[in-house]
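Chemist: Copying in the features that TrEMBL gives for the protein in this structure:
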{"type": "DOMAIN", "residues": "4-144", "note": "domain 'BAH'"}
{"type": "DOMAIN", "residues": "145-256", "note": "domain 'ELM2'"}
{"type": "DOMAIN", "residues": "263-315", "note": "domain 'SANT'"}
{"type": "REGION", "residues": "409-440", "note": "region 'Disordered'"}
{"type": "REGION", "residues": "563-582", "note": "region 'Disordered'"}
{"type": "REGION", "residues": "633-663", "note": "region 'Disordered'"}
Amino acid sequence: MAANMYRVGDYVYFENSSSNPYLIRRIEELNKTANGNVEAKVVCLFRRRDISGNLNTLADSNAREFEEESKQPVLSEQQKHQLKHRELFLSRQFESLPATHIRGKCNVTLLNETDILAGYLEKEDCFFYSLVFDPVQKTLLADQGEIRVGSKYQAEIPDKLADGESDNRIHEKLETKVWDPNNQLKDPQIDQFLVVARAVGTFARALDCSSSIRQPSLHMSAAAASRDITLFHAMDTLQKNNYDLAKAMSTLVPQGGPVLCRDEMEEWSASEAMLFEEALEKYGKDFNDIRQDFLPWKSLASVVQFYYMWKTTDRYIQQKRLKAAEADSKLKQVYIPTYTKPNPNQIMVPGSKPGMNGAAGFQKGLSCESCHTTQSPQWYAWGPPNMQCRLCASCWIYWKKYGGLKTPTQLEGAGRGGSESGPRGHMTRQEVQGMSPFTRNEGRAKLLAKNRQTFILQTTKLTRIARRVCEDILQPRRAARRPYASINANAVKAECMIRLPKATKTPLKSKVVPRQSLATIVKDLAISAPLKLKASRGPPTPINRNQASQPRVGQNLLGKRGFDSASGVPYPANGRPYTSGMRTTSQSVIKRQKVSQGEAPNPVVFVATKDTRALRKHLTQSEMRRAARKPHLLVRIKLPPPPRSLAMPLLPSSTSEPIVLED
């Protein structure tokens, strides 16, 4: 019964989905609703699968620094993989969940330098955290409540001096002397001087206008003058004047007036004190967040000093009594019975017939995706439905508790996407950018695209046969529409071996399509469209001043010239060349852009000739679309009959000689 009794402060598992892993939360309050149910106000803790990839990279670097500083023993790759499932991230986020969704207890501790990481793997339901995750700002920060244990924080204690050995250290450099107990004054004389210091402090507050407003009565001024700041100032005055009472008296009351010493309780206004109490209720003793969000004009030392002075006031005692009375009215513990209902992801319940409870769509011969075992008393569906993956009983419990598989697999990411609430018909932008080799991120190499070599995937005979035999499982049309979704080829091949006849007299013949070599294809393409690496440019023309106000034509990403200027002579839209010396307003002088090596195009470029551009004009719109959809088919063009040539009078050819007119 003690295992099913949950109290405030316990770390527990919450189940919000039958296929997702458990949520790990810390119980802060147990409240009873109007209809009699119990709700738990909990603090959210996040797993690595709940944060982005950039934050996972940051967590990996933090883990490496911790291993180097604490000198952890070497772990295997599987242990490192499982250790990521034990790491959590604390947050300041609260939420309310039904207490009936609790599925058990767990243990979460703050990671310490003296801890051995491998020890967490040996304990069940044991987690650790070292970073704090902000779900709103999407940041990871170090926890302020770190226990500072280790060589970096502990002092080195020197050896004890032997009898008769003198200490040669210079004590003035090690510490500052603030009080000498062996002074010439007696205790009654010191007490009388302290009374005089309090009286001077009361008189100084009466002369100060701001203090007289805050402490309008004599009792309040005397109480403020009796605080520790006045006594510390009086004793420091005695120490500085070598315990001479006459000199100390004159120091307390100089010629300008009595010295006024005020602490943080007097410096803070009533509105600032109210803000501090509100922040303390929200953040607790996290003084950095209190200062940053509520009191940015105060220093951190001022906030800490005010907190310890505030704890000595009647206001703190009154709030403490109210919280104690409120805590007595709330539930301190709740009993939740063990959850025994079957999981909807069970493939086959023990003792039931095969094919029941979701087992109809699963094929025989499949193994566990995590431990690869083929025997288990209970199987559970895992991952996307089209993958038909399953887990054994022990791996399913590991998945629910720790949010991952025991061994790293490629399908674990697909299992995450399939286990999310609601189907997802496409990949997110971050996933697509992470998979693309052309993504220009800061952490990726810019030359990744250029360093990749061309590869060809050649299928085997069994794979080609499985495409025809297991077409209902493979669903090629659906797979073609969703090329990003993974296909479990092992499951398809296993089902193909079951469906194939066990004893075939003659092997199945597959038609072999002859394929040309890559060199032959490139050679044929080069013959049909020769390369023009350097095209002759037209003669340079002067730039008109009116062109400065005209909009410039934007250059494309790779800095290529348009098709209208590929032959060296600029062509307008109607196909007629411009005469020399003419220049349109749409033209502009564009400097050639320097292309980086990672963004450079492939070295093979096919430039259209004047004849091919002329032939395109004879194609209809439907023929152009058909040619674009099926580029491997030949395009047949019906040329119109050439127009009849008319007899034109012969004109004398133009010459460069001057024309002379005789009068």
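Yeah, the Cβs are placed from backbone N, Cα and C, and that goes for glycine too.
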Chemist: Need one number: mean pLDDT over the domain 'BAH' (4-144).
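Modeler: In the predicted model, the domain 'BAH' (4-144) has a mean pLDDT of 90.
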Chemist: Using DSSP, how many residues in the domain 'ELM2' (145-256) fall into helix, strand and coil?
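Modeler: Computed counts for the domain 'ELM2' (145-256) are 60 helix, 0 strand, 52 coil.
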Chemist: Using DSSP, what's the helix, strand and coil tally for the domain 'SANT' (263-315)?
Modeler: 38 helix, 0 strand, 15 coil
Chemist: Per DSSP, what is the residue tally for the domain 'BAH' (4-144) in helix, strand and coil?
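Modeler: Going through the domain 'BAH' (4-144) residue by residue, I get 40 helix, 60 strand, 41 coil.
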